[in-house]
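Got a structure here, written out as structure tokens. Questions coming.
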Amino acid sequence: MANTYRVLDKVHLQDEEEFVDILEDKRHCSDLRFALRTFSPPPYKGAPACSSAELNQAVLESQYLRYVINEVAMGTGSSVEEVRDEACGIMREMSQNLQLRFIRLLGFVVRKVFKRIFSAIYVNMEGLQALQQATQECPVILMPNHRSYIDFLVVSYILFNYDIPMPVIASGISLAGMKIVGEMLRRSGAFFIRRAIGSDKLYWAVLSEYVRTIVRKGFAPLEFFVEGLRSRTLKSLPPKLGMMNMILEPFFKGEVYDVTLLPISISYDRVLEESLLAHELLGFPKPRESTAGLLKASRVLQENYGCMHVNFGRPLSVRQLCEGKINRCQYNLTPRDLPQKPNAEAQACGSWLAHMIVRLQEEGALTSPWSLMACVLLQVPTAALTEEGLLFHQLTERTLWLRKLALDFRAHLNWPEKVPDSDVMSSTVALHRSVVCRKAGRVYLTRNDELEQKHSMEEDMMRTAAALLMLASYRNQCLHVFVRPALLALAMSVTKSTRKDELLTCFCFLQEVFSNEFVFIPGQSAQDFEEACSLLHKCKAVHVGQWEVTDSDTEPEVLSFLQELLKPFIESYQVPFIICVAN
Amino acid sequence: MASNSSGDESSRHQTARHRLSVIAGHLQRPTDRNAALLAVDCKAQGSKPNVNTSDRGEGRTVPRRRQEIMKWNGWGYSDSRFLFNKKGQAEFTGNRYRLSGMIIPGLKDWMEGTFGANLQHKTQATPVLNTSAVQPPTLNEAFVEELKSTGIPFSHEGEDRVFRAHGHCLHEIFALREGKIGRVPDMVVWPNCHNDVVKIVELACKHNVCLIPYGGGTSVSSALECPPEETRSIVSLDTSQMNRILWIDEKNLTAHVESGIVGQDLERLLNESGYCTGHEPDSMEFSSLGGWVATRASGMKKNIYGNIEDLVVHIKMVTPRGVIEKSCQGPRMSTGPDIHHFILGSEGTLGVVTEVTIKIRPMPEYQKYGSVVFPNFEQGVACLREVARQRCAPASIRLMDNEQFKFGHALKPQVSSIFTSFLDGLKKFYITKFKGFDPNRLCVATLLFEGPREKVLQHEKQVYDIAAKFGGLAAGEDNGQRGYMLTFVIAYLRDLGMDYYVIGESFETSVPWDRVLDICRNVKARIIRECKDKGVQFPPLSTCRVTQTYDAGACVYFYFAFNYRGLSDPVHVYEQVEHAAREEILANGGSLSHHHGVGKLRKEWMRETVSNVGVGMLKSVKDYVDPNNIFGNRNLL
């Protein structure tokens, strides 16, 4: 556990780090020149480079896959050749075909688009330097959070820009189905994984051997989204562990000296898919990924999406993190090539690491003024927002209050310095005119298009709901900053107790209840509780004694704000619960 | 049976030599410090003394007073050492080795380049042993009295005791160089034969004295260290004077030998009769037959001759319970667990091995060295694996990694002619430029073939053909031979390193084939990482070689050394790194030891290595054989 804190501390140190706008840096240079730049990443020391054909061959010829193929053939009664062909088919469907030419092409297009829709892309250079160093030493796993389709484009674009080996990227199979684009992605290093693999033994075998071989060979960073899919609510998702276990296995079995995990936090001022997400949440079916759809979506290019921050976390050594957590000798007595389910110890280790990465992604994320504003707006009654509006200066005041609280809670803000707060507020509102609008000193929820059309009640409601959901999503972006103190505040109001042990019990219970809502590192409730205490103490909301936590009178607002923040979650859990009980 | 049939010319010649040597022996009889006592001649009691090669003192390397020929605080002979001469060139002194008296031009640059060592920064070892620093002996008077009456020579002189208080672990030698002397045996005894040992052990049991058997003193497992918690009088039982070949049985090709004989003497004496054992551990100059048995030693040429457990036919060991031995010399028995395996690897915890019947072979008709260069270590390992798969390993096959290849290169003696140096340049050009080998990745395998000439040549071709499949290029006999010579001088090199702030050590393991590459990479990386973490200022030398091949795996040897300038407690750092490296070995599926043994250095891992029940079994044997812990060196368990 001490390890976690060491790691987390390091992230805090990044406060001082400087972010550089990579668009500004290169805006004057032509896109074509950029795309044709010499790309010369420093080579990996562990092994020579490996083409995608060699990689595929290594996978297909692996002892492991041969074993599984035989087993499947025996099980199903088909011939070994048939199963082998099937495995080859899976490989064809899955494998990446990384080619520098296509990276260049993609670089050209992506750059054009980015320059148009983003005012800036900020990247922390120190993180990039550390990453470049790490790619030479041992296999690197890039683990960005996943909020937008363009996440991986951004990462690849940055790496290309700074001479870091291009990653191979685990992506959903749906992208492969897109005409031309699928193939382009494949050649830019994407490999495709089916959803809902279930118990398809052969598929699992091919996939896991493919991933393990990439890690073993270490020639390129492997990028994957530990959350498994795009977060529709912009909240961190509980990590998926399958991929994580595949990545750790080569280290556990001694096939590589170490594996470097690199959390990346991508924070958008405004997410490209915001309304799409809200509509999906409202039950509209997600449009199928298709090239035609992509072209249709090109209208997103007309808008401004503000800034984006990409924060490359510190490289984490799996070896160091797992010290004392895993007994690597357990693999001594069976051939390492044989299929072997990770045991409880290895699984626990994988789960712990995955959760920690998510936590680090959260810690590395930058909280935007808009996200804080969303928190404030959502605590105003909806009717007020739609009808009479909220006084702009009230909104400003509350948001600034929240900014202070967030800073107390050690959040990283991307609040522009040297700009008057009022300007920040107005430009933020302007950027998000799809959600709110400002008229005559008041802020309203955006409901209508500019055209004064008559809408049915139902349509109106849908619009309000969509706007509210967008607000909620942006609030979710900063929930991780408040969630621990908020749970403690909640525990205090639920138990009406001041005794630490009772509060801790309740705190743990709440963590358990909301374990699908918020990401907590398993087995670390006590630390989380302590953290919550110290944060609330820091902002003077409570007094913390050795055995007791009591509220102080100096900052009564804090506790009520935090309790209010969690209210929607509690209510949404209460409703089904009441129904279940009633039935 | 006796081997000589009279009338034969060579045997007559030998008889003459024998006489001469007897006379010489009388003339040179060492002036014993305990001269009041007369050594009882054991020869009469020995079973059927062999006229051929029996008398003590003739051609034997190790005198009772080791200090006469060996260093007290370093490796090997006093007259042989590396030094930098006035011109700053490295040279090897003495005249015992091929390298002796030669200039080694590349060594200085290599040491400076590899370790950041500097000839200006020298650490002088304490030149002479200060006997006043040795604690006075705690003697068990009754034991000493009775021992005197047996006439077995003994000594409680400081020098003798210090010599037997250590092996050659880094921390042991480092302390000696600094003049630090810890707990040492209180007394040294030199039994001359099996019966002497029986008497000593009886007396030790009677008077509750702790016995620590001492053979060649080449242990690298802290096995010879006196346990500091031992309060009894500690007696070092030095077997070095039990060094006769008692008989040679040419019909069955076995020899019955006293356990104290050192490897080089055994081999030389057998050679005189046209035989050899073929057991050649790297320490064979100084390590003893009894020591091999007690630690489960392995020889370089085990592919032909086998390891020590394959070589012994019969063992006699004196324990506090009495003498343990088998009743016959059948080549294999199904009589329950093999009692030899209680003795092999017992590391002096159960008793003293006194006599061993060992297999012998006719001397090989023809020997040929060889070497192969591979583009990288991976290819080299793949080749060794294939050689093992086809079961066609030469007498010895070793694969050095790139760092060790460079090291070997640095030890090339000055070439005498321009022509040779031109030829070397040409070879280098061919390999790196023409064949495209990366000089920072290539590695070399050294080979030794033995047998009838024709077969050797055939065998050689087979091995080179396999090597070619893995991109290997034959690189000449010279390189091969130099590789093997290195094994004997490398221990001397450590002393040179220590003169210039460089400390180092080697350690070994055995590992399944599929893990060889992984373990080499991971352990080397771990060493570098740990050194960095522990504040070592200079990048360490972290290198390995594959030294033995088996059907199911290989033996891997690691060398590790670093420049310790700037560290306050270098030995501690060294030990921490070695500890971490061993943990890494175990985590990568390597064994605790392939042939160095456990001693006290690796004791902590015994339980996880052999399981609780395993430890219990070993304990119960110890409890039965030696209930009072007379053999109290506390190795192993």
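The count begins at 1 with the first shown residue.
Heads up, the Cβ atoms here are built off N, Cα and C, so glycines get one too.
Below are the features I grabbed from TrEMBL:
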{"type": "DOMAIN", "residues": "B:181-363", "note": "domain 'FAD-binding PCMH-type'"}
{"type": "BINDING", "residues": "B:213-219, B:295-298, B:347-353", "note": "FAD binding site"}
{"type": "SITE", "residues": "B:R398", "note": "site 'Important for enzyme activity'"}
{"type": "BINDING", "residues": "B:R494", "note": "substrate binding site"}
{"type": "ACT_SITE", "residues": "B:Y557", "note": "active site, proton donor/acceptor"}
May I ask for the distance between B:P213 (FAD binding site) and B:R398 (site 'Important for enzyme activity'), taken between their Cα atoms and rounded to an integer number of Å?
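Cα-Cα distance, B:P213 (FAD binding site) to B:R398 (site 'Important for enzyme activity'): 32 Å.
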Find the shortest Cα-Cα separation between B:G348 (FAD binding site) and the recorded positions B:R398, B:R494, B:Y557, and name the residue that gives it.
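Result: the closest of the recorded positions to B:G348 (FAD binding site) is B:Y557.
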Report the mean pLDDT of the predicted model across the domain 'FAD-binding PCMH-type' (B:181-363), rounded to a whole number.
96
With B:R398 (site 'Important for enzyme activity') as the reference Cα, tell me which of the recorded positions B:G216, B:A297, B:Y557 is the closest one.
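Nearest in space to B:R398 (site 'Important for enzyme activity'), counting only the recorded positions, is B:Y557.
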Suppose we draw a 10 Å sphere around the Cβ of B:P213 (FAD binding site). How many other Cβ atoms does it contain, all chains included?
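A 10 Å sphere around the Cβ of B:P213 (FAD binding site) contains 31 other Cβ atoms.
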What does DSSP assign B:P213 (FAD binding site), in three states?
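SS state of B:P213 (FAD binding site) = strand.
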Secondary structure at B:G351 (FAD binding site) (DSSP, helix/strand/coil)?
coil
I want to verify one value. Collapsing DSSP to three states, which class is B:Y557 (active site, proton donor/acceptor)?
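SS state of B:Y557 (active site, proton donor/acceptor) = strand.
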Non-local Cβ contacts of B:G216 (FAD binding site) (under 8 Å, 6 or more apart, same chain)?
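Counting only residues 6 or more apart in sequence, the Cβ neighbours of B:G216 (FAD binding site) under 8 Å are B:V62, B:S240, B:V262, B:G263, B:S283, B:F286, B:S287, B:S288, B:G291.
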With an 8 Å cut-off on Cβ-Cβ distance and a minimum sequence separation of at least 6, pull the same-chain contacts of B:Y557 (active site, proton donor/acceptor), or say none.
B:S506, B:F507, B:E508, B:C544, B:R545, B:V546, B:T547
May I ask you to report the DSSP-based helix, strand or coil state of B:R494 (substrate binding site)?
helix
Is it possible to get the count of other C-beta atoms within 10 angstroms of the C-beta of B:R494 (substrate binding site)?
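For B:R494 (substrate binding site), the count of other Cβ atoms within 10 Å is 22.
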What does DSSP say about B:A297 (FAD binding site): helix, strand or coil?
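Reduced to three states, the DSSP call for B:A297 (FAD binding site) is coil.
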At the Cα level, what's the spacing in Å between B:G351 (FAD binding site) and B:R494 (substrate binding site), rounded?
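B:R494 (substrate binding site) has its Cα 32 Å from the Cα of B:G351 (FAD binding site).
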Can you count the other CB atoms that lie within 10 A of the CB of B:G351 (FAD binding site)?
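Other Cβ atoms found within 10 Å: 27.
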